[in-house]
Amino acid sequence: MKRPVDFYAMKESGEKITMITAYDYPSAKNVEQAAADMILVGDSLGMVVLGYDSTVPVTIDDMIHHTKAVKRGAPNTFVVTDMPFMTYHGSVDETIQNARQIIQESGAHAVKLEGAGEVVNKIARLTEAGAPVVAHLGLTPQSVGLTGSYKVRAKSVQEAQELIDNALAVEAAGAIAIVLEAIPRQLAEKVTKALTIPTIGIGAGVETDGQVLVYHDIIGYGISRRAKFVKAYADIDETIEPALTSYVKEVKEQTFPEVKHSFTMAEEDLKGLYGRE
């Protein structure tokens, strides 16, 4: 299993880091079999697998539950777990307690926090306490309720400079890596070159040190539309729907199950059960 020191070495050598967001045992198992470097258990599970319209309702217990499943499916892969909405915006002590609970109960190797500002101090204190932290800048889904959209961030000079400053701040605070989401590729390249820690891009161009996409987006499973930055590697939904429809139809028509799908009992045992005729 790769560790932060390995990710630093990969950045240094130019080898790209692969991260996939997964939420359960079978998807994590697939990800590990594909030899991805990291798994992110994102609070996006709220929308992708729990059916919420945002990440806001996701709880610590949700994150622990899904991370434990991921760990069982990918025991040899570095796992990062999101700290959900408002679990790191109270006191430092509350933040440390919440991170401790996630790491101890789920087995996550690191936690991810969105944003900068007051979050920078939380990253520093978590690092001091021994909890590895991945930062997340650019489009931060937990704050969409305030910003009102999932549009590209940091397109103006002022916003771009602020993002660069924030990236340097979270690095100085001890973050082991930074997710850069939905920012101009030129800015992502500048940030990547300015930092000694790895950058993991999603909708941030090719020059970041690594890339992350959601498992469901990659394989086309249960999604209504793909974002611009998502490449369609498969479309599993096209296979799933007709398969389920065929099953329902065959049961109704009594063409499933066939004899070959059934178990049998020896004739002698049947006679013993029902009596000899």
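Quick reminder: no glycine exception, Cβ is built from N, Cα and C everywhere.
Record check: Swiss-Prot places Asp43, Ser44, Asp82 at the 3-methyl-2-oxobutanoate site, and the matching candidate among Lys11, Lys16, Lys68, Lys112 is Lys112. In this structure, the recorded positions Asp43, Asp82, Glu181 were compared by how many other Cβ atoms lie within 10 Å of their Cβ, and the smallest count belongs to Glu181. Under the DSSP three-state reduction, Glu181 (active site, proton acceptor) is assigned to strand. The two recorded residues Glu114 (Mg(2+) binding site) and Ser44 (3-methyl-2-oxobutanoate binding site) have their Cα atoms spaced 13 Å from each other.
A 10 Å cutoff on Cβ-Cβ distances gives Ser44 (3-methyl-2-oxobutanoate binding site) a total of 21 other Cβ atoms nearby, all chains included.
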